[in-house]
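> These came from TrEMBL, pasted as-is:
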type	residues	note
DOMAIN	69-358	domain 'Tr-type G'
BINDING	78-85, 142-146, 196-199	GTP binding site
REGION	602-631	region 'Disordered'
COMPBIAS	602-611	compositional bias 'Basic and acidic residues'
REGION	815-844	region 'Disordered'
COMPBIAS	827-836	compositional bias 'Low complexity'
Amino acid sequence: MQVPAGAIRSAVRQSTSAFSRWASCQHHQQHRLHARATASVTPANKAFMPIQSTRWYSSHAHKADEAIKNARNIGIIAHIDAGKTTTTERMLHYAGFTRRIGDVDSGDTIMDYMKQERERGITITSAAITFGWKDHRINLIDTPGHVDFTIEVERSIRVLDGAVTILDAVAGVEAQTETVWQQAARHGIPRIAFVNKMDRAGAGFGRTVREMRTRLGCRPVVVQIPLMESLQGSNDTQFNGVVDVLTMEVLRWDSNSKGANMIRSPLDSNYADQEVYQEAVKARIALVEQLSALDENIIELFLTLEDHMAIEAKDLQAAIRRLTLSSTIVPVLCGASFRNIGVQPLMDSVVDYLPSPEERPAALGRMSDGKAVEIGNGGPKERLCALAFKVVHDARRGPMVFVRVYAGQLNERAQLWNSSTHTKERANKLLQMYAMDVEEIPHITKGNIGVVLGLKDTRTGDTLLDGHDPRKGLALSGIKVPSPVFFASIEPMSSSDEKPVEEAIKALIREDPSLGMRVDEETGQTLLGGMGELHLEVAKERLVSDFKVKAEMGRMRISFKETMRGAGVVSEVPAWEYDREILGKRGRARVGVTVERLERFDDQEDERVPESDSSSSKAEVDKKGKKGQADAAIHMGPEEYDGNEIIVSLSEQSPSTDEAGTLAAAEKAAATGTVIPSGSTDLPIPVLRTSIKNGILSALSRGPLLGYAQTHLKVSLTDLHLYGGESTPAAISSCVAAAVTEAIRLGGNPSTGDTDSNSVLLEPIMDVRVEVAEKDVGTVIGDISGTRRGRVLSLGQDDDSAAQQEEDETEFQLYAPPDSTYTGPGSASSSSSSSADAVGTMSDRRSIRAQVPLSSMLGYDAALRALTGGTGKFAMEVIGYGEMDFDRQRDLIKEMRGG
């Protein structure tokens, strides 16, 4: 049957018309629902009405890209179980992203979406989400609080502009709170503090503020105080809201709306509870005094008005913002997220006090010649520069690379250049993340965070540039990756499972760089390294559940390291000849190296710093001709890898072929440290450098005692002789590796080849923070310094914090409301004694800081509970490696070798 020519067009026109009428009806229906909802909202809570859209990009697609000044890249950081995820779930609900509030205990939260997270009720991996609040775009990352997953906090803070630190009002400043605070301080991240769980017995807002001053060393500025009211017919009190010190208002939340509706009421001299009013006045006066000491605008206003209460809230807010952006102060708020109290003002503070991307200092990158370059100040025409800070494996989508764009714009299908690995990449798709859900977007603009699909070689800490950018060597500073301190064997169930297990482990390490893998050459076992027992346990579960491989994990062991015995020892191999035939092809080279034992024992975290020049392949360099070769031949200064220093300085001068030139090259190398290659070669300088470096790293990856990685060594190249086409990159690397291995074996003592006496084992040293009651201090210190071979550094406040506090005392007077202020009449009665006792117990707690070998801390959790009757808590992190005594080393070697 033949269809009339105009029939199809007519049918399409009718369908389009019908769809338009349906869409119009839907639009008007949504408009009526929105108007009805708006009409029911009072002016007091209108600002906190949830928005209707749950997807930021799609709901703003009809607009131009939001101004960068309205963007906030923030993170939630805290000690474990302080309420990070609970607070984040409320933020999402009040912003209109979710219709119901997720509960951690029920395992139905948006942010903790992994199976392992929901089973354990803790955050394991950082989750990113984007939502809108008061015409601002908020890119939020919820981070873990467990010390085993500190890499998640480190790489998240690296790309954030601000942070919300959540503190438990009962526990106060805890050990991991100090750790994440220091991580944020190291990156200069402005912070605001939220004292959570104010509804619990023993909550102490004032005590927590004082601990922030003494233990965190910051200047806490109280902008809210808790509202505690007496229960009817009882002497007990209940936390019912907060007092806004800036606006002098009382804020309460409607429990029937699950905290969505907030009620503001003025706080003045006519307020029923005069104790609340009087304390609010004290807080307002203290706030003005603190700001006056630090901000010139406020002191001018105060001198003009001569009244603390007359200064307007907007002026105080502007001053708080200025001082917060400079990290001079930390605004402190309070609430109870589980009871839906105080979350909306916290979201307002994120908008009001934390910086936009353009208010942060420009990111610094380095060119291939070591020159520092500011990124992001070149205006709209500046080329793309982004940092990959996280990689997630997805079974369906493949590797999902999280990036922060610092300059330019990252477009879909764009060709990229990875300046860290010197490889080309292509952004096949761009995604906006909503925890485990995604939305496809056409581009990621400057200052924002998104996900790129299709990147094959990009890892955590890599720099991504425009594929046509001539600055091929430009790289942003990397992300610090801690070395694994525990390891366990991973055994495939059968020989057919070996390859899938190996590939799964590599994908897992790409996702979590704090994991590590090596193969024991003696046993052939695959060893997986991690930061702790929980870390390795989660990794094993993910291998089985996410990657679907069949494997078993062996007993967990400590990951030691090796180095040469004796600080300052220098071992030299002036000439090491390599001459071997492999598969019918001869490889030949000669090198000289020196290996020196470094004396320092500081934090040896591995930071993937950008290389000092391009290590492009030979093919790419050959295309540039002689000019490209000369440009690539530049000096390589010391590079640090896992606590080792590598110095390879090759001259641009062509290799010397005669004996006189060889002697001159040796003399120059001795005088300046710059090596002029002798002999002949067609290899360009970058390829030589890369081959030499790979050989050094290969030698350092396995020590002579038990095969552990080596550290605290400085390796320098002193001579290089090449034999034309026989000196291949593989031959050079093998020659260098053998020479370095021999130098380490000699250990500066050529008269003996006894490896056990020339090398020493290093064990991880932990920075341990223990919180105990005053009565248990002596018992715990005795256990640490005696049984566990530890060294106690301080009790309570350390000297540096005390000195800093004394210096600031003249310009900053701390205000912290007394925790008994709002207990109501009759608080001293027996009915409220439990709460008072709880507060007293917390205030009598002491913090012990010590350095203890990790091997002595195994099982310490149970031991501490026994010593303190279950009241003690501790946290620890690796700070470096310490030398093991000879007797313990001998016993360990005997145990590991089975002798």
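The backbone N, Cα and C atoms fix where each Cβ goes, glycine too.
Automatic prediction, not curation, is the source of TrEMBL annotations.
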> Give the number of CB atoms, excluding that of D81 (GTP binding site) itself, located within 10 Å of its CB.
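D81 (GTP binding site): 19 neighbouring Cβ atoms within 10 Å.
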> Can you tell which of K84, H146 has the most other C-beta atoms within 10 Å, given these are the binding-site residues?
K84
> Taking every residue in the domain 'Tr-type G' (69-358), what is their average pLDDT?
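For the domain 'Tr-type G' (69-358), the model's average pLDDT rounds to 89.
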> Suppose we draw a 10 Å sphere around the Cβ of A78 (GTP binding site). How many other Cβ atoms does it contain, all chains included?
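By my count, 30.
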> Just to confirm: which same-chain residues, 6+ apart in sequence, have a Cβ under 8 Å from the Cβ of M198 (GTP binding site)?
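In sequence order, A169, F205, P226, F239, C334, G335, A336, I341, G342 meet the Cβ cut-off.
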